[in-house]
Amino acid sequence: MRLRPINLLLKSPKPHHSSATLRHLSAEPQNPPPLSEEPRNTTKPIPQIVSVLQTTNPDDWPTNTHLHHHLLLLSSPPSFLKIARQLGSSQKSLQFFNYLKNNPPPPNSSPTSPPPPPQVISNLSFVFQAVFEHALREEGPESSPSKLLELFNFSKEQNVPLSVNSATLLIKFFARAKMFQESVAVFSKLDPDLRNVHVVNLLLDSMLKSGRIDDALKVLDEMLESEFNVQPNQSTMDTVLSAVLTRNWSGRNVREEEIIGIVSRFGEHDVFPNSVWLTQLISKFCRSGKCDKAWELLHEVMRLRGEVKAAPCNALLTGLGKERDFQRMNLLMNEMKEKDISPDVKTFGILINHLCKCRRVDEALEMFKKLRGGNESDAVSVEPDVVLCNTLIDGLCKVGRQEEGLELMGKMKSEHGCAPNTATYNSIIDGFCKAGEVERAFELFDMMNKDGVEPNVITLNILLDGMCRHGRVGSSLEFFNDMQGKGLKGNAITYSVLITAFCGANNIDKAMKLFDQMLQSGCSSDAVVYYSLISGLTQAGRLDDASFVVSKLKKAGFCLDIVCYNVLIGGYCRRNKFEQAYEIFKDMEHAGLKPDRVTYNTFISYFCEKGDFKTTHRVLKKMMEDGFLPNVVTYGAMIRAYCMAGNIDEAMKIFRDMNSSSKVSPNNIIYNILIDTLCKNDKIEVALTLMDDMKDKGVRPNTTTYNAMLKGLQARNWLEKAFKLMDEMTEKACNPDYITMEILTGWLSAVGQTEKLRSFVQGYEVSFSVS
DNA sequence: CTAGGGTTAG
């Protein structure tokens, strides 16, 4: 439910007093001056009055001339506040309030005339403020807010305007009690001329916390209008930004454009988000894929000359790095230089990380060297830290330069003053694992244990993955058990590695057992573990089991992603179960996922395989309507289908089409199927032309290409051409397989060319022994 | 800063 829009700052309902009265009231100080500044001649009566009020019966006050006399000596509302405060309780101060209300002391200078003169109303406001203060203290911030609410209502009935401090106190109190409507009501009751930035900030906070973003933005809007006299301050900005950033209430999202607008308008009041807020905003924008907006925000702050430090720039650089926007990264770095924003170690970390992720490791190394000065003019003095070193080491390992990574790790302590940590070792261990050097990886594992660097679950997962990918699936489980014995628990990734490995090793039952073990161990699972098992089961053709796991996945609250749907659709298609494939497809659309190019290609391949060209073209049309142009896979499936159907002309037509109209370059799979079919249809010359065309286009013929071609040449007994191709194979290090050998042994021995065959095989002896 | 699944033509 939304309250009516309120023009809170400019106009407010003034139900109890004529506006003239209130205007008059505004002469009262917004904050009462400290009590020590009380005019000297009034200090004397205060203790007297307090003493009388404390020791006599309130019923007797109206007739107490002594009291009356002293009250006449008071000159300012704050004196009344001071007295009421000293009365010590809300009850007593409320009695004082009633007394004053019913027995207003005559004003010091002006002639008496009803209605009550402003001075009197002001006195009452201040006395009531003390009532609120006492009540708040008596009630405590934790207990039920009913008493303050009653008092607030009473003050309204009594037509006592709120002092600014009363309003502050009440708004804060109600907001803390989550009574946001009451907070707003208090604000509405406060005379607009009394409203200061502090009160408005409290109101904003209340509105934002109750999810009334639009009302809050409206208030903010009015505040940012220059004609209004309450100017926003740093605290206003903090209030708004903290609400925008920690969106944990029911309010709507605030769009990036709105935030930029707000920041920009604050900037015109010379108020800027501090470095932390700005950094968080930029990170948030970048994370939601709005790097453009992050860029705009930072530059808006720069344009308005707000102070920008390295941290927000770093956040933007990170985002730009993820988008691979190298150009703007450079641009920002130059701007930082221009604006004298000195980059820190994180800035360089981001840049080096980005270079590494783009596999431009040498440039990363270059930048790393410049860090510690040297003699170069563009050197910077930033000390690399562990993270920076790790980034670089990981970059080296990822491109297979783990030996250099190891070297750098050795220098870390001596040259850079930072000791390798678990992440350092993990990167290098992973480097060796990926290179198949699992032994070396374990040597490093021993080394880290000796160095007192604790392995973690990532170390475990890296080693398990390394073992599994290099023929040690069985012992990987032993290692896992070992580590569990040492207190290292596996996580979802551990199980996903193992499940994939066991599925790949055709040990589906073990994979299923591991999955159950994971669920029982209470380790937090994620969708990927399910995907791994589903994919493994589908690959093994166990689609019933796969769909059972799908149901478990859904029960666990996860969703299938498009890839997983494609896996299942492909699985059913491959097993000729179109009905079920289509079921899955409908389920996918029901879940709100759109088919992608792979989904379409899967169906196209299915109908191609059936030789159903009519349906194939229907799906193709639908695919293009959905905005997906056919790609090399689409063409491949169709070319193959026409080849299989014996329609080589149509296959060649599609092949020419993809070159000319679609600009999709064929790959060796497409060339191979065409060459093979042409040869089988006795069109050796065309096949040879196609093979030349292939080489011209830079597509490498592989063993399958040569096999197809050699078979065709064999049919024509074109020995010379065959010898040429054999030499080419050797030259290009294209290994013959058993099919090559079958063709050649049959053909060449029959025509007495065993010598040529012998020398051909000799050229591969080395590589044969390796494989 | 470090770890996992994955689709469609052969």
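From the backbone N, Cα and C atoms, a Cβ is placed for every residue, glycine too.
Computed from a predicted structure; not experimentally measured.
Listed in TrEMBL for this protein:
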COMPBIAS  A:103-118  compositional bias 'Pro residues'
REGION    A:11-43  region 'Disordered'
REGION    A:97-118  region 'Disordered'
REPEAT    A:196-230  repeat 'PPR'
REPEAT    A:309-343  repeat 'PPR'
REPEAT    A:344-378  repeat 'PPR'
REPEAT    A:385-420  repeat 'PPR'
REPEAT    A:421-455  repeat 'PPR'
REPEAT    A:456-490  repeat 'PPR'
REPEAT    A:491-525  repeat 'PPR'
REPEAT    A:526-560  repeat 'PPR'
REPEAT    A:596-630  repeat 'PPR'
REPEAT    A:631-665  repeat 'PPR'
REPEAT    A:667-701  repeat 'PPR'
REPEAT    A:702-736  repeat 'PPR'
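Using a Cβ-Cβ cut-off under 8 Å and counting only residues 6 or more beyond its ends in the same chain, the repeat 'PPR' (A:631-665) has close neighbours at 597, 600-601, 604-605, 608-609, 611, 613, 616, 620, 623, 673-674, 676-678, 681, 683, 697, 699.
Tertiary proximity for the repeat 'PPR' (A:421-455) is limited to same-chain residues at least six positions away from its ends with a CB under 8 Å from its CB atoms, namely 386-387, 389-390, 393-394, 396-398, 400-402, 405-406, 409, 412, 462-463, 465-467, 469-470, 472, 483, 488. Counting same-chain residues at least six beyond the ends of the repeat 'PPR' (A:667-701), those with a Cβ under 8 angstroms from any Cβ of the stretch are 632, 635-636, 639-640, 643, 648, 651-652, 655, 708-709, 711-713, 715-716, 718, 721, 732, 734.
Sequence-distant neighbours of the repeat 'PPR' (A:491-525) (same chain, 6+ residues past either end, Cβ-Cβ under 8 Å): 457, 460-461, 464-465, 468-469, 473, 476-477, 480, 532-533, 535-537, 539-540, 542, 545, 549, 556. Within the repeat 'PPR' (A:309-343), the DSSP-based counts of helix, strand and coil residues read 26 helix, 0 strand, 9 coil.
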